[in-house]
Every structure is written in C-alpha cells, then in structure tokens.
C-alpha cells in the first residue's frame, strides 16, 4: 500500500522549500501545495491518532485498513528552531499522566525514540558530567549567582548527580525576570567564554529564538551533540533532550507524550519534568548510536526496546537487484533518493511498485521472508531509503 504522510506545520519547522519535510511531501503527494511562508516541521507515517497515514489508492486511513495500531511511529523532521527542553515518560508514568491529564498527555504509551541525521544535526542530549557542569557554573558567574551559594557549594563538595539535581531544580524554578537578566548578562559580558567553549553561535541563536527563556541556560547543563548525516542518537524514557537544528528521520514507540520545560510556547510542566528526568550523566565521551551492518547495502539501528528498529537501505545504481530479508511484521518504507522497482508479496498476490524520492510504502506481513529492490529503467542514481519495523533483530 502506498501511503500519504501527515504533515505538521509547527512553528519550529523550516520554511517553504528549505524544509526536507516539504520537499518529501511534494514528492509524496501530488495534491500537496507548497506555501513558501509556511513552516513544515514533521511528516508522520503510521497509525497514531494525531496523524494517521492515508492509503493513496482508497483514501482510507492506515489504522482502519490494518484494524490495529503499529507499535511504532515513523517521522521526518525539519528543524529551524529548538523543539523544547523535554523528556518522554516511561510506561507507568505515561499511563498515569494520560489518565490524569489526557488533554496534555495524548496516550498511555512510553516514547523511546531514535533520530538519524539527514543533514548536519544539532541537539542537546542528557546531562553533562557533574564536573563539567560545575566548571561551567564557575566560569559563568551570572549563572552561579542565580543558582545560589548553597547549591553551588554542595556541587563543589559533592560533585554528583544529586548536586546537579539541586542546581538544575533551582534554575528551572527561578522567576522569569531573573532568568532573563542572567541570560542578558552572559550575552553581554561573556562572549569570549562562550566562544572558547564553542557555545557562542548556539547560545546566540537559541536566545534570539526564545529570548530570556530558561531553556537557554540548559546549554550549561546538557551535552551538545553534533551529528553528521547517517549518525544517530537514541533517547530512552526520561532522558532530557532538545533538538536544535537540522533534518532527521525519527522513529519511536507509537506515542505523542512529551513533558516540556523550556524553549517552547507550549505548556511547560516543570514539576513533572524534574520528577521524571534522569540526572545521572551517561554521556561522558558519548559517541553516536551505532547501527549494525548486515552487508554492504544494509545497516540496522537496533534500540534496546521491542517497539521499533530502523533499517537503512543503500543500493548502488549499478546493482541490478537486491533482496532484503524481513520477518512477518508490518513495516513502512520511505525513499529519500533514487528509484527502484519494489517487488513483494501481498494478499492479492505478487506486486511491483515503482518507488522514487518521497514514496512511502506499507510493507505487509505477508511480504516476508524477503522483498526485492530491482533496478528501474534509466536510473543512474544510487538508491537510499529507511524502513521502520518492529524490533525483531538480535545481533549475534
């Protein structure tokens, strides 16, 4: 089944044709009309109630055709402004928050997620080591003054996650005018220090987009991660993060639950974030989430959850055919480059689909044990695509 993705026009997205989401939507849907003044932030592929994909041939929603929800939600993101300082609740928290506040927490599911960069990608991920946070607080005196002598002294005496928690809670609960004054002083008097720590450009942009927002000061607490295309990060439940800039493919458990606390015009649930977040640093000398290579054409991003995995397929144009082994789980393919004839089994028999950039295809369970990517006519470009599926992989 060929699908139409569901486009989201959040304010943090890239404008017009500069958005990878808009580019793929134009290629995916002949009825899509581009507005150069509109922001195009996300394209959803899956069965989540907030953005169900539509079957092109019939106009039916994918959840109705399947008569069930997929275990994952697949997306493309185009980011121009920070997405918010946030965490995703674990399963127990999600069930409780959805029951208590269903208007904010949309479903009872957890939301571990994987982001794979399509362009140079910038994100804040997890707390830095307590030592690095201590050094930043010492170097940027307006921040030290804001947090207060008692919390800073404790961070020096006991350089651990409990002291980091005390400092971060003090920061997040400080009144907005005090936060704005601190940011203003750092912007004015600490240009040299920001530059020497490779923070000047990021600090300036985030403060311009969200002037005086407490999330700007999270730059001194969280790891700044720079990814190149193909590199990935994995975020488990309760791991603090904020995507800042770039385009990515994202896959997650089928959920839209987000606990926000900064860099957003949306509802900020600071108390819940502080209750949920993991303060321990697990990111010292952090490297990207490494995929497992199957062969020269295929690598798989295998997270430590059963909800999803992502297969990356790259086929040189000179290769006549490539057969990908799969198991009997419903999967979704998005094509980013090139063209191929996708050959697979369906309930109606064998089927061939010409897939090109922007094509989104639901691969049914009966397509197992393999699908074929055959060379299409007059294609002199390498093929590249991502497939979201349930996590049935086991690395030997």
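Keep in mind that glycine also has a Cβ here, set from the backbone N, Cα and C atoms.
Unlike curated records, TrEMBL annotations are generated automatically.
Listed in TrEMBL:
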type	residues	note
ACT_SITE	260	active site
BINDING	86, 88, 113, 241	Zn(2+) binding site
DOMAIN	3-127	domain 'Phosphomannose isomerase type I catalytic'
DOMAIN	154-222	domain 'Phosphomannose isomerase type I helical insertion'
*Looking only at the domain 'Phosphomannose isomerase type I helical insertion' (154-222), what are its DSSP counts of helix, strand and coil residues?*
53 helix, 1 strand, 15 coil
*When the Cα of residue 260 (active site) is compared with the Cα of each of the binding-site residues 86, 88, 113, 241, which one is closest?*
86
*Once 86, 88, 113, 241 are set aside, which residues in the chain still have Cβ within 8 Å of the Cβ centroid of the Zn(2+) site?*
87, 111, 235, 239, 240, 258
*Tally every other Cβ atom lying within 10 Å of the Cβ atom of residue 260 (active site).*
22
*Output, ordered by sequence, the same-chain residues six or more apart from residue 86 (Zn(2+) binding site) with a CB under 8 Å from its CB, or 'none'.*
240, 241, 242, 258, 259, 260, 261, 264, 273
*Taking helix as H, G and I and strand as E and B in DSSP, count the residues of the domain 'Phosphomannose isomerase type I catalytic' (3-127) in helix, strand and coil.*
27 helix, 40 strand, 58 coil
*asked:* Using a Cβ cut-off under 8 Å and a sequence separation of 6 or more, which residues in the same chain sit near residue 88 (Zn(2+) binding site)?
replied: 110, 111, 112, 113, 235, 237, 238, 239, 252, 255, 257, 258, 259
*asked:* Test of understanding: give the count of other CB atoms lying within 10 angstroms of the CB of residue 113 (Zn(2+) binding site).
replied: 25
*Around residue 241 (Zn(2+) binding site), how many other CB atoms lie within 10 A of its CB?*
23
